[in-house]
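A.B. asks: Sharing the features that TrEMBL gives for it:
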ACT_SITE  H321  active site
ACT_SITE  D372  active site
ACT_SITE  E381  active site
DOMAIN    1-394  domain 'Glycoside hydrolase family 9'
Amino acid sequence: MAFTTTMLSWSVIEFGGLMKSELQNAKIAIRWATDYLLKATSQPDTIYVQVGDANKDHSCWERPEDMDTVRSVFKVDKNTPGSDVAAETAAALAAAAIVFRKSDPSYSKVLLKRAISVFAFADKYRGTYSAGLKPDVCPFYCSYSGYQDELLWGAAWLQKATKNLKYLNYIKINGQILGAAEYDNTFGWDNKHAGARILLTKAFLVQNVKTLHEYKGHADNFICSVIPGAPFSSTQYTPGGLLFKMADANMQYVTSTSFLLLTYAKYLTSAKTVVHCGGSVYTPGRLRSIAKRQVDYLLGDNPLRMSYMVGYGPKFPRRIHHRGSSLPCVASHPAKIQCHQGFAIMNSQSPNPNFLVGAVVGGPDQHDRFPDERSDYEQSEPATYINSPLVGALAYFAHAYGQL
């Protein structure tokens, strides 16, 4: 949820000026999330990170209105640290503070003040939240990448939101220890290194913060890794042209990478520079064309001629892995659906009766195949962290093609 909020806020920061009437809707969504995050961080050095027993919840297939599983609450604190979730929460609050700086300055100040204190907690009491809460959060949302990437990411957002030299110095001193130069080419809810590099590069390229000059090279390395045919390219693409990182919710890497490509292209254009991959040079226009190909694929320009956004186009997923979408609404089926009763529908081939319009699913496999089966959560489950980076990309392309 925190990563979703950070990325939705970043979408508004970079492309909000292109959103027109949709900008207010984006801000409403961000505020809904930040209001929750403020409540979850209201106690000093404590963050409430999860509500519900994930194992018990997954053992039921029922409507939200019928849920009666125990609503257990889990937290991180001094004794059970969670630098990863804390620093990401700080990033979300700091990014949102920028979003509301002009439209609601008092709320923005509240967000930024909380972001500062939450980041201090993340940095002082170090550890991954899934180490202390492993039975409760794994295997669903384990922190596989550790907490170092979130500390760098959180510091980058606080540097951007506060312009305080404290955070710039923190990044200079700790950047390498926190993995600034590590060679990884994924960006999603678990690993933030690539996003931090792109964000920090803006400070060098656009704001002329010379001490961050090395991040241009780090950002270029990431971009080079995803450009098809470039020296050092290490990203797999399906035969139909979709970026493919892993089987589970691959579309999150498609949307987040597309957002980074467009954002970096914006920074490069402002600085009148390019990407250097060995002896090859790639322009901002090349980055935009790669991002456009990914978004076009997602919306239906693919071998199956299928949109992976529910409700968009004539052909889209009809059996998404989503309880509320798959089960009959209360109006048509007032009787309670018990914990295990819903599995008969979950395992059936009947289309979902309720469309979760706008939701993007995990997407096809490495061979462009998509079975459209509810039980296949890797490919059929939607998630907010898939959608949020797509908002900025869609705003850019909708404006570029005269649709906004």
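Just so you know, glycine gets a Cβ as well, placed from its N, Cα and C.
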A.B. asks: Whole-number Å distance between the CA of E381 (active site) and the CA of H321 (active site)?
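C.D. replies: So the Cα of H321 (active site) lies 5 Å away from that of E381 (active site).
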A.B. asks: Between 0 and 100, where does the mean pLDDT of the domain 'Glycoside hydrolase family 9' (1-394) sit?
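C.D. replies: Here the predicted model's pLDDT, averaged over the domain 'Glycoside hydrolase family 9' (1-394), is 96.
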A.B. asks: How many Å lie between the Cα of D372 (active site) and the Cα of H321 (active site)?
C.D. replies: 9
A.B. asks: Relative to the Cβ of H321 (active site), which residues of the same chain, six or more apart in sequence, are found under 8 Å away?
C.D. replies: V361, R374, S375, D376, Y377, S380, E381, P382
